[in-house]
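What Swiss-Prot records for this protein:
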DISULFID  Cys83-Cys98  disulfide bond
CARBOHYD  Asn84  N-linked glycosylation site
LIPID     Ser1  O-palmitoleoyl serine
Amino acid sequence: SGSCTLETCWEKMPSFREVGSRLMEQYKGSAKVTGGNDGGTLIPEDSTVKPPSELDLVYSMDSPDFCEPNPRTVHSARRGVGCNSTSMDVGGCDILCCGRGYVEETVIFQVNCRCRF
């Protein structure tokens, strides 16, 4: 006589919100790096930062200052950008509008959700 055991394993994708939160945490903790002479090593520009692991988020160039007008673009730096007026974080209007003030606008739109009850 014999017995048979069936074992099934699977991994579930985290929610989109959880992925976004994890990515934001990594973004906030990211470090600027330069390439090592061996072509495979990443060296943090700040000597107080530990070398990154394969799972760390790093960058090699600073982002442009979006608060300064860009002569290559026709419009001013941040005009027409949506923001969150109540947030003091990265998506907040005070930060995105570079402290220059902003105009609040309420937009109401109707969407056909194709709901069934």
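All positions are counted from 1 along the displayed chain.
Just so you know, glycine gets a Cβ as well, placed from its N, Cα and C.
Everything Swiss-Prot records as a feature, shown here on the structure.
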residue: Cys83; record: disulfide bond; Cβ within 10 Å: 17
residue: Asn84; record: N-linked glycosylation site; Cβ within 10 Å: 13
residue: Cys98; record: disulfide bond; Cβ within 10 Å: 14
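Between the CA atoms of Cys98 (disulfide bond) and Asn84 (N-linked glycosylation site) there is a gap of 13 Å.
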